[in-house]
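Lifted from TrEMBL, the feature list:
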- 22-239: domain 'Heparan-alpha-glucosaminide N-acetyltransferase catalytic' (DOMAIN)
- 28-46: transmembrane segment (TRANSMEM)
- 66-83: transmembrane segment (TRANSMEM)
- 103-119: transmembrane segment (TRANSMEM)
- 139-157: transmembrane segment (TRANSMEM)
- 162-181: transmembrane segment (TRANSMEM)
- 216-237: transmembrane segment (TRANSMEM)
- 249-266: transmembrane segment (TRANSMEM)
- 278-297: transmembrane segment (TRANSMEM)
- 323-343: transmembrane segment (TRANSMEM)
- 363-383: transmembrane segment (TRANSMEM)
Amino acid sequence: MTLRAVPDTGHSATARAAAARRYPSLDVLRGLTVALMIIVNTPGDWSTVYAPLLHAQWHGFTPTDWVFPTFLFVVGNALSFALPKYAQLGTRAVLARVGKRSAIMFALGFLLFWFPFVAPDSAGHWGLISLSGARIPGVLQRIALCFALASLLLHFAKEAGAWLYCVLALLGYWAVLALGGDLTMAGNAAVKFDLWLLGGRHLYQGEGIPFDPEGLLGTIPATVNVIAGYFAGRLFADKGATWETLARLMLAGVACIAVALCWDQVLPFNKKLWTSSYVLLTVGLDLLVLPLMIYLVEMRGDSTGSAGRGWTYFFEVFGKNTLFIYLLSELAVVVLVRTHIGGRDAYGWLYSVTFQPLAAPQLASLLFAVAFMLACWLAGYWLDRRKIYIKV
């Protein structure tokens, strides 16, 4: 069987024209997601965090569990505007472009874990940090794999093939979880697959056992979040910011949530397993939030289009340099944790001399996270004022 592109009958002239312009509402949604990702990842003290800002321990759902799948959803939004350009490329060029972007993103995620690459041993001699226990899966790695799979499906199998994939992926993953083990952290099919393929030393170690919430098998249902974002973006590009667009997105969102709530009775919401019911719940929520953004930004006109004015600009700054700002936030944490001041890491020291004395523990921890997010925003603002946009 050969892999080849078929004529682009699935992309309208409207979508191709829309690809040339920028939609502030999508920047705002993407920026909101990144801002929330930074806040939930940088509390002043992990032992004093408001419950909604923590992931569910296992089964269940919290507002924080909505953030990462929404990032995948907005990746799909962007793909809906980029994919029409692929129709003008040959098969080799498409594979090269998708492969290059995915490989760079995957490598950045891996290097982020390995950073700062060198460290002293017990004798004080500096050398490269061993890769024997390096974590292979991760947030950026999952984004890279989902982007690659969704891009190739939509380009080569077209929209009908992508719809079929969504159905088979969600039902098939349910079957794999049901037949391949139980739904415990140690006994589920996803962790068994990761242990078999990657080995326990290359998985996340923060759960008490080798288990990775961004494991490889979960990429299959997570790609549905990207594809759903693509279809939402296509509708937006084709119909524009109209009441019909809002109504269709919201109806689809309500339908997804209804099915998800029913499915939750037999396959619980679980972010760490990325269960099929969890996919539909998060897609449904995104299909309700996106029309709200479209209404506020595109229809009501809250976006002024001028740097520094309008509440939406705050999130647009994040949305225009998404990957850079996210990487900056993660690198800053690593540097602070590995730097020591007065016998403790600089991250904890900074919290202890800023917000910890000012408020109750949970509020102080949140204020530190918000301040950390604002510091990252300033870097994005500096870039935006100079029209510097860093893309993969």
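In case you wondered, yes, glycine gets a Cβ from its N, Cα and C as well.
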Touch test for the transmembrane segment (323-343) and the transmembrane segment (162-181), at least 3 Cβ pairs under 8 Å: no
Message: Which residues of the chain, 6 or more past the ends of the transmembrane segment (66-83), have a CB below 8 A from one of its CBs?
response: 11, 15, 18-19, 26, 29-30, 33-34, 36-37, 40, 139, 142-143, 146-147, 150-151, 154-155, 222, 225-234, 236-237, 271, 278-279, 282-283, 285-286, 289-290
- prompt: Among 139-157, 216-237, 278-297, 363-383, which stretch has the highest count of C-beta pairs below 8 Å with the transmembrane segment (28-46)?
  reply: 363-383
